[in-house]
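**Student:** Here you go, one structure.
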Amino acid sequence: MSLILLLTQQMCVYLVIVYLVSKTPLFKLFTEEAPRFPHKLFIYLVFSGFCIMATYFGEQTNDAIANTRAMGAVLGGLLGGPVTGFFVGLTGGLHRYSMGGFTDVACAISTTMEGLSAGLISHYLRSQGKRELIYSPVLVAMVTLYAELMQMALIMLIAKPYDQAWELVRQIAPPMLLVNSLGAAAFMSMIRDQKTMFDKLSSAFSAKALKIAERSVGLLSRGFNEETTAQVAQIIIEETKVGAVAITDRDKLLAFIGSGADHHIPGTPIASQITKDAIEQNKVMFADGVETPYACSISRQCKLGSSLVIPLRNDTEVIGTIKLYEPKNKLFLNINRTLGEGIARLLSNQILYGRVEQQQNLLTQTELKLLQAQVNPHFLFNALNTISAITRRNPDMARTLLQQLSQFLRINLKRTAGLVTLADELDHIDAYLNIEKARFIDRLRVEIDIPNELHKVRLPAFTLQPIIENAVKHGTSHMLDTGHIQVKGLQEGDEVVLSITDNAGLYPENPVEDPEQKGLGMNLVHKRIQNQFGCQYGIQVKCQPEQFTTVSIRIPLEEV
Amino acid sequence: MISCLIVDDEPFAREELADILEAAGDIQVIGQCSNAVEALQAIHKQKPDLVFLDIQMPRITGMEMIAMLDPDNMPRVVFVTAYDEYAIKAFENHAFDYLLKPVDEQRLAKTLDKLRKDLRPKDMTVIAPDSLEILPCYSGNRLKVVPVKDVEFVFSDLGGIHVATATSQVHTQMTLKLLEEKTPLVRCHRQYLIMPSAIREIVLLDTGAEVITPSGAKVPVSRRYLKSLKQMLGFQ
């Protein structure tokens with residue numbers, strides 16, 4: 001009976017150690033999903049240590065040692081696998097052997113066997129996809145029981161003389177079987193509980209973070225102002241349940257929600273020093289209200305007692321802060337601190353994304369404006385000159401041309417970044433070509449051959465016109481002979497190919513790839529088609545110098 | 001009467017100018033050309049006193065055309081331009097006559113007044129390009145623009161000046177002297193200019209030598225020019 005108590009005492013020492021380890025990051029190493037070498041080494045060291053300690057603390061009984069070594073070997077094998085288990089057992093066994101006694105050989109062999117067999121069981125369970133069973137206390141108890149039975153059998157087989165061995169086993173078997181099994185089970189159940197708690201905690205944390213991310217997505221990319229920040233602050237306070245949430249820009253409070261909202265008024269300048277410091281030093285500031293005192297800088301009646309201030313960054317510079325508060329009667333939870341920093345990073349990214357998107361839009365708008373403006377000066381100038389030249393001889397024609405010019409300009413002004421039908425685009429080039437034809441008369445011939453059924457196809461505004469203008473401006477207008485421009489439309493499967501061919505052959509080989517070339521307009525058309533429809537569409541240029549240039553525009557067959 | 005030629009690639013612009021000029025009374029429009037090649041031919045043949053020359057024209061600009069004109073054959077030129085800032089500055093700096101499109105009648109009247117007093121051609125070398133990249137040519141009725149780098153040799157005979165490339169022979173209105181000045185072509189015979197990069201072989205003969213070009217054509221070299229040609233190529 002006293003032996004049971006002694007061994008139980010010993011076992012308790014281990015359990016205390018495990019409990020302490022479970023409070024450190026090292027604990028994660030016990031529960032690694034697929035143990036790697038460093039983890040196995042850790043497990044080997046810890047459990048070999050347990051084996052050796054067990055031998056030392058063991059109770060001298062009849063020239064042998066009653067002990068809890070089996071616990072170390074079995075747990076090492078279960079957590080580390082067959083190889084680790086074998087070495088844990090071997091180390092514990094060799095150490096036991098060095099202590100001598102008539103059961104030394106039997107104990108050394110049996111400890112090694114215990115480690116190895118527990119390892120094999122663990123390997124079998126893992127390969128069967130029943131990894132969770134390893135952490136089951138019942139299974140651990142059974143495995144330890146079996147291991148100890150094996151040890152007793154080995155002692156009786158190997159230790160001499162037999163009579164003495166039988167006497168020993170009779171004495172130590174019941175306590176060792178009982179304590180080792182119970183101890184190993186308790187040990188494992190501790191590991192399991194810690195693991196479960198850890199998993200639950202991190203999943204709750206992730207869920208919270210994900211929820212905030214999901215709810216706030218896109219809000220700040222619409223702009224960083226009182227309206228959007230108020231919405232974000234509302235979401236954060238709902239999800240984290242902190243006392244209050246504030247968002248500031250560099251100078252003033254943008255949003256404040258929660259306790260103290262009566263005197264923290266959005267729009268007022270930043271009052272607290274720690275916020276100013278956070279902005280200036282680009283650093284997370286934390287006043288927990290215990291070691292670092294926090295007091296509201298506006299009102300003494302304010303209930304808030306601790307504050308976390310996290311800077312919001314826009315790429316490089318701080319553009320504001322987000323602040324989480326807890327009232328004086330509540331502790332600032334560590335989890336909320338981590339979460340706060342995560343939220344700040346999330347919001348910073350959103351703000352940055354919003355800016356990028358805004359700039360992208362601006363760029364497209366500018367490019368379109370440029371495309372529209374590009375048409376104007378020379379073309380307009382030439383058109384006016386032509387009209388001026390014919391006014392005296394042919395006033396009627398002058399009037400017609402003025403009307404056409406006016407129509408062309410009207411379409412140009414009206415156009416937006418959206419899609420138009422091919423018929424619209426053809427009207428546009430018609431107005432354009434009428435003016436160019438008046439300028440060149442017999443030196444320019446244009447044939448347009450696009451089947452009616454393609455007229456409803458949609459394409460970005462300003463797709464055809466710049467290409468045809470290029471064909472005139474950089475192509476046929478440089479010819480001594482008559483210039484021919486052919487515009488064709490063809491349906492190829494579910495795609496439409498519009499081709500513009502001139503007989504000048506004066507384009508550079510690949511203006512699309514060289515934005516410096518005269519392709520500015522063409523390059524832009526190419527990019528806009530790809531943006532709209534995808535990379536398989538766009539512009540291709542074929543040029544045979546002095547013979548022809550063909551620009552092919554590929555777009556999807558997509559009707560209104 | 002002052003004979004005058006209008007060169008502009010836009011028909012309506014030519015007609016409008018012709019109308020205003022006819023109205024002046026003492027100006028006779030003897031021809032209209034729509035490009036530089038036609039204009040060179042017309043100037044050569046009709047020898048007008050005055051040329052209204054558009055700057056922006058296909059292939060060969062008005063400026064380039066000036067460089068292609070024999071200085072002895074140079075008429076008085078009035079430039080007409082729509083928007084060439086650079087050219088306008090050059091005209092003002094050198095007091096050349098120019099008109100802006102659309103042509104303003106009062107401004108044209110002023111220019112004509114000035115011309116009536118002094119119709120002598122002006123030296124255009126300051127604004128005409130020093131070297132030519134292309135040569136205005138024609139074969140039969142077709143106008144051709146031949147890049148200088150494609151030329152193998154040029155020669156003159158009773159039919160005029162001929163420009164030979166590896167694949168064709170065409171006529172030009174430019175003189176050998178002008179070509180020698182404004183292109184890399186060098187004199188190798190009284191009637192021949194050769195492109196140094198087109199010299200494959202020089203066969204020495206009693207009377208001088210013969211150059212063989214990449215296309216296999218034979219170009220005579222007179223004794224008078226042989227030495228300088230050899231020196232230029234690095235032979236002693």
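The backbone N, Cα and C atoms fix where each Cβ goes, glycine too.
Those TrEMBL annotations? Automatic predictions, nothing curated.
Just so it is clear, the model here is predicted, and its values are computed rather than measured.
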**Student:** Among A:70-90, A:427-447, where does TrEMBL put the label transmembrane segment?
**Tutor:** A:70-90
**Student:** Any idea which of A:171-191, A:234-254 is down as transmembrane segment in TrEMBL?
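**Tutor:** It is A:171-191 that TrEMBL annotates as transmembrane segment.
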**Student:** Take the transmembrane segment (A:70-90) and find every residue of the same chain, 6 or more past its ends, with a Cβ under 8 Å from one of its Cβ atoms.
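**Tutor:** Long-range Cβ neighbours of the transmembrane segment (A:70-90): 11, 14, 30, 35, 39-40, 43-44, 46-51, 54, 111-123, 126, 134, 140, 143-144, 147-148, 151, 176, 180, 183-184, 187-188.
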**Student:** I need to check the long-range neighbours of the transmembrane segment (A:133-159): which residues 6 or more away from its ends have a CB within less than 8 Å of a CB in the stretch?
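**Tutor:** Tertiary neighbours of the transmembrane segment (A:133-159) are 31, 64, 70-71, 73-75, 78-79, 102-103, 105-107, 109-111, 113-114, 117-118, 121-122, 125-126, 165-166, 168-169, 173, 176-177, 180-189, 191-192, 195.
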**Student:** DSSP-wise, what's the residue breakdown of the domain 'GAF' (A:224-361) into helix, strand and coil?
**Tutor:** 52 helix, 39 strand, 47 coil
**Student:** Take the transmembrane segment (A:171-191) and find every residue of the same chain, 6 or more past its ends, with a Cβ under 8 Å from one of its Cβ atoms.
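**Tutor:** Same-chain contacts beyond the flanks: 3-4, 7-8, 10-11, 14-15, 18-19, 22, 30-31, 61-62, 64, 66-68, 70-71, 74-75, 78, 135-138, 140-145, 147-149, 151-152.
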**Student:** So if I exclude everything within five residues of the ends of the transmembrane segment (A:41-58), which remaining residues of that chain have a CB under 8 angstroms from its CBs? That is, six or more out.
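**Tutor:** Same-chain residues near the transmembrane segment (A:41-58) but 6 or more away: 10, 13-14, 26, 29-30, 35, 65-69, 71-73, 75-76, 79-80, 84, 87-89, 91-92, 95-96, 99, 111.
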